[in-house]
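Copied from TrEMBL, the annotated features are:
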- 502-529: coiled coil (COILED)
- 652-662: compositional bias 'Polar residues' (COMPBIAS)
- 6-380: domain 'Cation/H+ exchanger transmembrane' (DOMAIN)
- 477-562: domain 'Sodium/hydrogen exchanger regulatory region' (DOMAIN)
- 583-687: region 'Disordered' (REGION)
- 6-25: transmembrane segment (TRANSMEM)
- 37-54: transmembrane segment (TRANSMEM)
- 66-89: transmembrane segment (TRANSMEM)
- 101-122: transmembrane segment (TRANSMEM)
- 134-154: transmembrane segment (TRANSMEM)
- 166-196: transmembrane segment (TRANSMEM)
- 216-239: transmembrane segment (TRANSMEM)
- 260-282: transmembrane segment (TRANSMEM)
- 288-314: transmembrane segment (TRANSMEM)
- 326-345: transmembrane segment (TRANSMEM)
- 357-380: transmembrane segment (TRANSMEM)
Amino acid sequence: SVSSIVPESCLLIVVGLLVGGLIKGVGEKPPILKSDIFFLFLLPPIILDAGYFLPLRPFTENLGTILIFAVVGTLWNAFFLGGLMYAVCQLGGPGLNHIGLLANLLFGSIISAVDPVAVLAVFEEIHINELLHILVFGESLLNDAVTVVLYHLFEEFASFEQVTILDIILGFLSFFVVSLGGVLVGVIYGVIAAFTSRFTSHIRVIEPLFVFLYSYMAYLSAELFHLSGIMALIAAGVVMRPYVEANISHKSHTTIKYFLKMWSSVSETLIFIFLGVSTVAGHHYWNWTFVISTLFFCLIARVLGVLVLTWFINKFRIVKLTPKDQFIIAYGGLRGAIAFSLGYLLDYEHFDMRDMFLTAIITVIFFTVFVQGMTIRPLVDLLAVKKKQETKRSINEEIHTQFLDHLLTGIEDICGHYGHHHWKDKLNRFNKKYVKKCLIAGERSKEPQLIAFYHKMEMKQAIELVESGGIGKIPSAVSTVSIQNINPQTLPLERVLPALSKDKEEEIRKILRTNLQKTRQRLRSYNRHTLVADPYEEAWNQMLLRRQKARQLEQKMNNYLTVPAHRVDSPTMSRARIGSDPLAYEPKEDSENLPIITIDPASPQSPESVDLMSEEPKGCSGLPPSPEEDEEGLVMRVKEPSSPGTDDVFTPGTSDSPSNQRMLRCLSDPGPRPEPEEGEPFIPKGQ
């Protein structure tokens, strides 16, 4: 019940305080956390664990934001805090007047850096979402370069009689040397570790040793040249992991995983306990003005830095950092044992106020770990900040994520915008084409690992089946047919699937993830002369040409065959004329037949909407006209819509018969009236 309220790091500090008080109570001198022990033995396991199992995708996607917080934010905190503390020392009375600007800037650089150990201890327990966790934790890892540079810079400047402009420029350039040099050292040792693991197939027992050995060598080599050992460890872990895991056995992978977790947990426990013990054992000089000002300005500098930097970062981010996120980032800036050890490293010769600095540093550490660490969990619940997903993503989600990555890479290629997807794809291609062949042994460097893994699982299952007695003792020379004859067995109704362990399941997921989604193949650039011909394209073009010719013919008929037909009298007028002069107005045979014009309702304004093929007299159908139709005059009927998939040009309709064609010609240009005895059509059949 206590651990759900108080973080583990706070409880360990309390245990250290009790142990230190008990040792001091019996008259002994409690041990103090020496900086050499901390930096050489206790810190590397925690950083290696964080770097080896670093979530690479969210880290690389937010690398720009992390770097801005780690570099610009730490510089802002150091100089803002150092300048204000110098002002406090000048106004604070006789006890603080002798502390100069360089000493205050050195103190600001020590206390300004966010501590990765404290962040890991607190953020692992509150299960914050991946974005916030990687922002705060990534900042705590990468600000080590800034802290190392500023610490050594101000320590060197303290021994100078006069600091020139050249010294400041060289100090600025040393930041790039320290950070990039540490990364380079880590990459070199990571490649050596991956190459060594290629040849360890016959000595599986010592495979984990190489991971620990080369990582520790990277840290020591970086510290030897005053480079960033933390960045060297992170780079070594990130570089070696994919190649080492492809070479080593599954048992070695499990050993590395659990040994690193145990080692980092032990180091973390010892660090916080030693912090408590050192608090009791150390020499302290309490100055209310200095300590309270340090605590207050630390909080103010953190909040202002996060607000200003987030306002700038959100101009370039797609996923904006909300005010809740900004509050958690500012509130999660915990200080820890790194600041204490750096303060402990100061010598009395140049910094006679070291005890006061250590007292202020311990006060800030206790405040951030106890107050902020204990209240961040209820604040996260109160603000309803998104929590971390406890369930793993399905393989379907992972494959679709990779598909979207390749889709975005293709879009960037088409647009000519070389963003991080483009360079990530280039790096993956270079890795697959050259690096994997050199650093991964045998068939594992090639793409299809799934089939080999399937054979391996089948072989293992067969061995387990034989060992469990599922099949009797079988002579090696007996074939499978004779086995069935000798020892017939009825198949079980349900196949019992072996339960997979979590590690085996994770291995299957990794292989499926890397094999089910192939990377895009390099295609030739677009060229209209090298396009593959479409087999259906020619037939489609022919059909379009026939349609176009038919429409042109129809338009010509409308344009040129414009001789008006003979006017047909209405039935009333015909009867009146017949009654007045039967001989002069003899009714014609087909005068009572009226044409029918079919209208397409889709586009009544278009001249092509009139179907001339349907203009036929009613008498042509062979039926006598009804009296209702006699009185209606011109009858306009809606054209029946064609069924989907039919071609209105090439599908023969009822109007394509020879008689309909004859009536069309007669309506457009009837010519001389044929005699009643002539039965020949105007257009002969067969044409």
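Cβ coordinates come from backbone N, Cα and C, glycine included.
TrEMBL: automatically predicted annotations, no manual curation.
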Contact call for the transmembrane segment (288-314) and the transmembrane segment (260-282): at least 3 Cβ pairs under 8 Å, seq gap 6+: no
Intrachain residues whose Cβ lies under 8 Å of the transmembrane segment (357-380), provided they are six or more past its termini: 5-7, 9-10, 13, 107, 110-111, 118, 121-122, 125-126, 128, 275, 279, 282-287, 290-291, 294-295, 298, 327-328, 331-337, 339-340, 343-344, 346, 351, 387
Contacting positions for the transmembrane segment (6-25) when only residues 6+ beyond its ends and CB under 8 Å are counted: 118, 121-122, 125, 268-269, 272-281, 366, 369-370, 373-374
Beyond the flanks of the transmembrane segment (101-122) by at least 6 residues, Cβ under 8 Å: 7-9, 43, 46-47, 50, 74, 77-83, 85-86, 89, 136-137, 139-141, 143-144, 146-147, 150-151, 154-155, 157-158, 163, 230, 268, 271-272, 294, 298, 301, 332-339, 342-343, 346, 351, 353, 357, 360-361, 364-365, 368-369, 373, 376
Surrounding residues of the transmembrane segment (260-282) on its own chain - C-beta under 8 Å, 6+ positions past either end: 9, 12-21, 23-24, 29-33, 38, 41-43, 45-46, 48-50, 52-53, 117, 120-121, 336-337, 340, 355, 358, 362, 365-366
Residues from the same chain, set at least six apart from the ends of the transmembrane segment (134-154), whose C-beta lies under 8 A from its own: 47, 50-51, 55, 58-59, 62-63, 65-67, 69-71, 73-75, 78, 102, 105-106, 109-110, 112-116, 119-120, 123, 171, 174-175, 178-179, 182, 226-231, 234, 328-329, 332-333, 338, 342
